[in-house]
Each structure stands twice: as structure tokens, then as C-alpha cells.
Amino acid sequence: MVKMATNSPTSSPVTITVTSSGGSRSMGLTSPKPRHSLSNNANSPLSGGENRRASTSGGGGGRYLSFSKESTDEFVAYTVHMPPTPDNRVFTDSQTSPPLDSREKLGKNPNDGFIKDTIFTGGFNSTTKAHVIKSTEGEPATLKSKTICGMDGCDEKAVVGKIKKNQCECGFGICRDCYLDCVDSGGGNCPGCKEPYKDVSDCDEEPRSDEEEDQANPLPSWGREVKLEKNFSLVQSFKNPNHEFDHTRWLFETKGTYGYGNALWPREGYEFGRGSERYDNPPDFSDRRNKPLTRKIGISAAIISPYRLLIVLRLGVLCCFLAWRIMHPNHEAMWLWMMSVICEIWFAYSWILDQLPKLCPVKRVTDLSVLKERFESSEPNLRNPKKFSDLPGIDVFVSTADADKEPPLVTANTVLSILAVDYPVEKVSCYISDDGGSLVTFEALAEAASFARTWVPFCRKHKIEPRNPEAYFGQKRDPLKNKVRLDFVKDRRRVKREYDEFKVRINALPDSIRRRSDAYNAQTEIRAKKKQMELGINNNINNPSETVKIPKATWMSDGSHWHGTWSSAEEGHSKGDHAGIIQIMLVPASPEPFFGQEADEENLMDTTEVDIRLPMLVYVSREKRPGFDHNKKAGAMNALVRASAIMSNGAFILNLDCDHYIYNSSAMREGMCFMLDRGGDKICYVQFPQRFEGIDPNDRYANHNTVFFDVSMRALDGLQGPMYVGTGCIFRRIAIYGFSPPITTEHNGWFGRKKSKKLLRRKSKNVPEEDDEMLLPINGDNYEDDDAHRATLAKQFGNSVSLIDSIAVAEFGGRLLHELRGKGCLGRPAGSLAVQREPLDHSALSESVSVITCFYEDKTEWGKRVGWIYGSVTEDVVTGYRMHNRGWRSVYCVTKRDAFRGTAPINLTDRLNQVLRWATGSVEIFFSRNNALFASPRMKFLQRVAYFNVGIYPFTSVFLLVYCLLPALSLFSGKFIVQSLDITFLILLLSITLTLCMLALLEIKWSGITLHDWWRNEQFWLIGGTSAHPAAVIQGLLKVIAGIDISFTLTSKSTGAEEGEEEYAELYEFRWTMLMVPPIVIIMLNVVGIGVAVSRTVYSPFPEWSKLMGGVFFSFWVLSHLYPFAKGMMGRKGKIPTIVYLWSGLICIVISLLTVFVYPPVGSLRYEIP
């Protein structure tokens, strides 16, 4: 059955359908040339379109194959009907057999032989015919009328008396189509007498029309002495049913083709019909615009299933253990038994809270090539005629507060890595928040902007990784690896020399500014004194030597006063009292590439093929005045949000600490894959793991924190998303503004099992808003009360008109493309962001300065519902929690090459202070409305458990302190937590230990961490739990109950080892802090307790070795966890500080006195006072 593409007889393409007894299926083949005519023969497979379809409904009459022959000057395509065979009958009885009574009379179907021994052939410009194969069976010959074509299998009318050349002298009747076949394929011989026709050449002399020029050529001649069946393996397969059909030979002999498509494309091209062009090369079928940008990969069932099973098994063992402990008290030491049981119940509860969120870990991967093809067109089009990037803008925030503890060289290197990032230059803007208002940071940023004109082209030209110059030049690997340009060595040498000079200038800035300020101050003092003397207004005329008092100002290099903080801390120029400052170091880049020049005296290297544009760089220092609560880092970040909304208004925000630089130049693209993929409009932020440099190889204090970043955070990614950890995070700007997602899911019922989706879009004024609900201002929605809506936004965001107008623009820039948007969500057309940014003017700068004033946030929602949330020292966790509570999702992006790297304190004191700050923030969260117990139904149940654990984990330290003292008390008293070491107790204890170890091994397997990392995490869990966490609980309670606010100092940032210094010298520095007292007490008590217990057992007439072994094993468990702490107390190379000896002696004396008082020596007399 053949269906034409159009009603025209010359239409193309032609769809060929292969039918069988089971129905029909489309082959999807397209004829390379249109057909001119179809046969009117009712028996032809090419005729009777409607009648034939009606007669073959429910089953087919055979198979139709399409193949073609192509040569240099001839092209023919065939449609061949493959009839049924006895081994493969495709006709049903109802279709092939006559009625029952007819079969009884005849005994045989007269059409059986015709169908069995006939081959149906045909082609373009010819009628499909049936060629009868001579059968070996004796069948009576049937005579044909002279008016019928004499060719076997043809029942067309013979041409008589009309076209003389169709008739032979023998009088053999033949139709026109058979005649043409004999002329073309039969060598021009008459089928009757085998003599050649006369005037055969005349048939090709007819003029051809223009339309016929595009039609198929006739079948080429195969020679006079070669039979057709010997050249077609298809014919031979029909003659010999037992012979296997040679498809390869058939394609070769007929030059058959499969057509064209993405499965196979002809090497010599393909013609698509009349008037079409020939394509020498196949088109690009790999259109990846609709392919996903990201994929979620689950953990292998061979790992995660046993992992979940072990969690359930260990939970059961814990229940049995606790039940046994409660049912078997130690009557000899009830106080010891009671304390141990209470601690063990809490530990089991804490373990459940920690383990439940780890049930569904996932991994995610991105496809950067799809991102580039979808948003960065290589060819101009109507929507993007200039080939600008369609990616949304990203504003990068870098925060610093103290130039002394956060060296300006570290900040400058972070800025350089941002300026060289692999992202469209015109889409990136970098903002530096200097909360200290230091001139050192300001001038260091100016130096970095100058050096970036050399560093950034070098990185782009040679594809440098990482793009932090300090990290790149400090690598210990071969710099020539994977570098192919011949001028790389020369360029690297020149850039390295420039960077060394840059470092010298940066490190000399404090002294340079001090000397400059002293010189300017001395000149100012001299001029003031001279002026006083000239004017005669000196009050103390009798003492002319008295100096004139002038403020000791800090001066800029141009001879003007610095508007920020002065070293003398004068009024209006101190850290808590200075004006707001905004300075554009690098102006916004144009959207069109700008290439450099050849190397000469001014240009260090050849940049003729390198885009030398630089992203916008802005220095921001918000205003600070006495009497205002500036809210530390959260307030500084909110000031950046407002200023950047007016200046660049990137739809996304990347937040980095000053010591966290971009280690992978494609990190932004990795994060944007999640934001711009299908479903990305429900993602509020993409969190990257924190990776650290400069850590000692043994990681003594678990500074890498790999268990948290690679186990806990990856597990949260399988729920509603990871927590925000303060740095290395890409935010959606409208999520920072406090708006709810366009669509969310509410989890109700037990454990949130009932789910219901809720569309959150403001459509009319009748849609009410909840107390903590802010609906998106959608572009295109017509509000009847638009003025009232703007007034509401003004109450929430402040009175800046530019800031309010930027909200809708940021929302549009963060939308997905139309074809990727979800149900009920709005999208944007492709190419809508490929536009040039509006230039900045003085009015925009003035507005930006006004929104960073200290009083702008008064009577607004900033810090309460908008921006970073105030009220906690861990503002990052609270901010992420608020977003999840509104229904947003987050994503954890672990890249193959680390996205960001930073520094971490390796000194014990700094590390404990850092943990103290985190734990104090958790206590504040627990006693606030941000407690997960008050979460909305939009947060998943296991996500609530994870956030609740964040607030409650510091309280575990109270029980941990008691439990670490129990071994010592047991050894001193000679009692144990159980009355006797029962076999059941030992089996349960062993089961708990084994299941814990097996869970650890499986976590190591699916997370990729090492056993060393896991053990270091366990050790520091006990170190922090006995030192910083108890202090955090006390400080948190004081703040909640008494309102005493605790201030924290910044963690010092390391600049790396200088020349001549030991690489990890900071690790061995000892700085005393009161946080060290509890661990020291625990260590001394357990050591002394072991000695007392051993001596008592050895000299006892009735030694109780079981209790001794239980107590000693318990003590060794505590001491093994505190070993890194004890090693840190030793200082450098075993030099123990004096303070350690003093505390140790004091503790030993106290312990000895308590022991003698509680357990007096045998035979001692007690005197009673009458």
C-alpha cells in the first residue's frame, strides 16, 4: 500500500507501508523521486488506493520493499511486492480462500499457483507487473486473447495499430509498459520471436519537459546475454525458497539505499525532491537544545540497600541494649548506673536524628556542552543577530571585615580568580564588601584591577587552572603539562615577574600608607601652625613651641582624606563610625569581544586572539554610625544586595568569603546548569562543597570536614536540598528577596505522606498573603491596585524606587526558557537576555550610595524576611532554613574539579573558637522561631529532622562530658556501669560496635571519603563536644535568658608559609584558652584513674579483673578520641607549655584529695565530735 505525500501525481516524498497479517506498520521511508503514474490494474499493489485498503483491512497481501539503483547518469527506485510462500503465509483464510462450497467443487484454489509462482515488480513510470515463474508441475497452459498483453503475468491491453514500433512482424501483442521494459532491460528483443525491434532508438528521441528532467532515469541495460534473474539475488531467493536471502548482495547489486535520516546518511548526499539542493554533508542531527542540563544519579542498590538495612538493624540492637540496661540496674552503684543509662538514651536519640536524613543520598552531574549550545549561539539568528550570550547575569559578593586578620593579598587573589572566570564577561559583576572601611583593602583592590589586565588575558589564552595567581604559581606540578602554545613559557615567565612585583606592592601597602599619611599629616600640621602664627590667633602666645593639634588622618595617594577608617580612629573615621563608600574599579564590559594587540614594549604578550575585556569590579563599604545595629556579616551582605540591584541587577548571586577563590573556572556554569534546567525555577540556591588548602597532611583537627560535606550534605540533597553554609553558594536573587517559589508542595499527615501542590502566583488583589508569604511580582499581570502593591513593596524593601523596579527585572532574568518552564510557571523567550547592559550614570551611583546607609533598613523587612536573616551568629543556616520553609529547593553541586578552595585555621585555639561560634549559633536557632519544630508543611519531614538536629546537637555535649568522666569515676570507685559483665551485655555491645563500623564502611563507599577522614571526624566530635560545645550552650542560654550578647572575633586567614618558614608552623603554635580546661580534666582523670584502679586490683586480696578491664577499656576509648588534643597541647616537638604543667598539677592535687576523702585508707580512724 503506497500513500503519496500530496494529492499531486508528482508529489514527493512517498511513504511506503509494509503490511502483514498482523496489520500494517510504517517504514518511514521516503522516495528520492516522485512517481508520475500508477497502474490502474486491480491486481497491482500500486493501484486501487481506496479499494485495496478496503479489501485488505485486517491483514495484508504481502510485503512491499523499496530499493533504488543509482549510477552516474541513471537513478531508479523500485517497489517490490514479496508474495507469500508456503513457509510464510500472510493471508488469512477469509481473504485467500473461496467459500466452502466452491472449494468442495473445485478442490483447489485456481489462484494458488498464480500467487505462488509470480513475482510482482514495478518502478517509476511503469506499472507494477506480475512475472510468472515457470513451474515444474504439470499445469495446463492457458491461452490469452490477442487484445491482452502476451507477457506472462500481465493482463493489460496490448497496443494495436496505434504505435507501430510497439509491434513486431511476428504479431506478438504487447502493452506499452512491457515494451519499454523489453527495450530497456531485455536488450530490445521481441519476447515472441526473440528478434530485435525495429527503430528502437526512436523511443529515446522524444523531447523531455522541464519536469521530466527531475524524474528518475530508466533502468540501465544489463546486456543482451545476461538474464535479469542472474543479477538480482532477490529473484533467486524467490526461485529457491530454501536459499537464504542475501541482503548485502541485494543492496550491492541494486545499489539500494535505506533513505536518509539520523540513523544513516548516504556518503554522496541525497536529493530531497524537485528543486531541492544536494547536501554533501549530513546535517547536524544532534540538536541538544532540548536535552537536560543535569542528571541525578542514585546510589547503587548494592550499597544503599544494605546501608538502610543496617540502620534499621542497629536501631533494633540499640533498643534491645537500652531495654536490657534499664531492666538490669547496678544496685551496688545506682548513681553510676543512672548517669550512664541517661547518657546512652540521649546518644541513641542523637544518633537517630543524625542518621535519618542520610537515607536518600544522591549524586548529580551536569552537561556544560548543552548549556553552551542552548544559551550561547554560534550562529546569528533573528532573536540574537549579534550572537550575544543569553545566559543570565551573576553578581559575585566577596566579604571582608578586617585587613589585619584577612590579609589584602588573599582578597586580591580571590578577586583575580573571579575576574578570570569562564563566563560571559558582560554578565559578571564583582562586589567587594569591606566592612572595616580600610584604605589598605581599597588600594589592594586597585592594584588587583591593574594587574588583572595582564593576568586575565594570560589565563584565557593558555587556559590556566586555577586562576588564582598565588595558587597557580605555587603548584608543585609541571606547568607545561597540557600546554601546546609555543609562547607559553615566555608568557608565563613575564606574568610571573609581574605577579612578584604585584605581591611586593600589596604587602608593602600598610607601611606605604602609614608613611604617606605621616608625611601628609606633618605637612598639614606645619601649614596649620604657620597659618595660626600668621593670623595671630594663637591662644598661648607665651609658649609658641606648643604644637597645633590636628586629626591624624589617613591619606589616599592623590592627597585627599580617606573617607573610611583611619588608623587613629578619629570621630567619623573609626570602624563603627564612617561614611558609605562605593567605587567602580572596572567599568562594565561591552557585550562584543575586544581583542588585544601584538606583544611590544607596552604589552607583555600577544593577545590578538584573546578577548581582553574585564568584568565590572566595585568596592563597597557600607555606612556605619554609633547607635545602629549593623548586624555583622548579614548586614554587609544585605547592603551588597541592594547596591548591586541598582548597578547590575544580576538574576543570580554568588557568595564567597575573601579567602575562598574560584578553583574551577567553569564553576559558575556548573551551578547555572541546575538553575536553568527543567524545574530549576523552584531552586533557591546551589551549594558547593567547601574544600581547603594549607591543611596539615594528617588533618589533626578535622579541618577538611569531609564527613559533613561529602556525607551529610549529599544525603540532604536527596531530600529538599543541602543547608547554606556561608560561602560557595549561587543564589536566586528573588529567593534572597524573600519571595515564595512559583509552585510548591505541601507535606501533611503523618511524616508528611500526604502531598499537595500549590501554585503561588499573584493574580489579583483577592489572593490573600500569609504572614510569611511574599508572592512574586509577575511581569504582565495587571493589578487593579498597582499603587497599593508598590506601597507594600516599599514597606518591605525601603523607599528606593530603583530597587523596587529592579525586582521584576531580576525575576524575569531568572526565568526558564518557554519550552522548559513547568506547569503554571512563566518563562522567557530565547534570546531575551542577549542585550546590552544599560550604562551606569551618576544618578545610579547616588542611588546605590543611599541604599547602603545605616538607617535605610529602618521600618523595613530587611533581615527579618528579606535578605540575609539577622539575630544569629550563624546567619547562613537561618537564611537557608527560611528559604526551605517557604517551599524552595536547593541543590548540592559536587564538581569533578573542586569549584572553590579556601583556607581553614589549623591552630587548635582558632579551630575551637570557630566551632564555638557555630555551636552558639545553633543554640540560638534552637531557642528561636527558626526551630524546625515550627516549620511549615512545605518542608519535608526528614528535612525538618535535619534542621532540628542542627539546633540540638550542642546539647549533646552535656551528656558527653558526663559520659567521658564515667570511666574515671568507675575506676576510682571500683564499680562499673553494670553489676557484672553479663554475656548478653557483651553481645549487645559488640553488635552496636560492629553495626557502627559497617555503617561507616558503607558511608565511605557511597560518599568517596576515606577511613582516615571518618576517624578524624569521630575524634574531633569528642574534642569539640567536651570543649567548645558546652561553652556554646552556656553562652546561648545567657543570651536567651539574660540577654547577654556574646561577640566573636574573626578567624585569622593564613597567607601561606613565607620563605624560610616552616610550612605548617601555625599548627604548633600554642595559645591558651579556657576552652581547653574540660578536655584536660578528662584526660588527667582517666590517666590517674587507670593508675589507681590497676594498683588497687593488683594489691587487692580479691581482685576483680572484669571490672578493671571494663573500666580501662572505657578509659582508653575516651583517651584515643582525645589524642589529637593532647598532641596539640605538646606544642612544637614535644615542648609542653608551662601552663599545662600548672593545670595538670592542680588537677592531680584536687583528684587526690577527693579520692582520699571518699575512700579513706583501710585502718584509718574517724573521730566523731560528741
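Just so it is clear, glycine is given a Cβ too, placed from its N, Cα and C backbone atoms.
Annotated compositional bias 'Polar residues' per TrEMBL: 37-46, in sequence order.
Residues or ranges marked as UDP-alpha-D-glucose binding site by TrEMBL: Ser399, Lys405, Glu406, Asp435, Lys632. Taking a C-beta cut-off of under 8 angstroms and a sequence separation of 6 or more, Lys632 (UDP-alpha-D-glucose binding site) has the following same-chain neighbours: Val873, Glu875.
Long-range Cβ contacts of Asp435 (UDP-alpha-D-glucose binding site) within its own chain (separation 6+, distance under 8 Å): Ser399, Thr400, Ala401, Ser621, Arg622, His630, Lys633, Ala636. Among the features that TrEMBL reports, active site is placed at Asp435 (among others).
Within 10 Å of the Cβ of Asp657 (Mn(2+) binding site) there are 24 other Cβ atoms, across all protein chains. Residues annotated as Mn(2+) binding site in TrEMBL: Lys633, Asp657.
As annotated by TrEMBL, active site applies to Asp876 (among others). Using a 10 Å radius centred on the Cβ of Asp876 (active site) and all shown protein chains, the other Cβ atoms total 24.
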(message) Let me make sure I understand the span of the UDP-alpha-D-glucose site: among Ser399, Lys405, Glu406, Asp435, Lys632, what is the greatest distance between any two Cα atoms, in Å?
(response) 16
(message) Please identify, from the binding-site residues Lys405, Lys633, the residue with the sparsest Cβ neighbourhood, meaning fewest other Cβ atoms within 10 angstroms.
(response) Lys405
(message) Give me the CA-CA distance between Asp657 (Mn(2+) binding site) and Glu406 (UDP-alpha-D-glucose binding site), in Å, as a whole number.
(response) 10
(request) To the nearest whole angstrom, state the Cα distance for the pair Lys405 (UDP-alpha-D-glucose binding site) and Asp876 (active site). (result) 21
(message) To the nearest Å, how far is the Cα of Glu406 (UDP-alpha-D-glucose binding site) from the Cα of Asp876 (active site)?
(response) 20
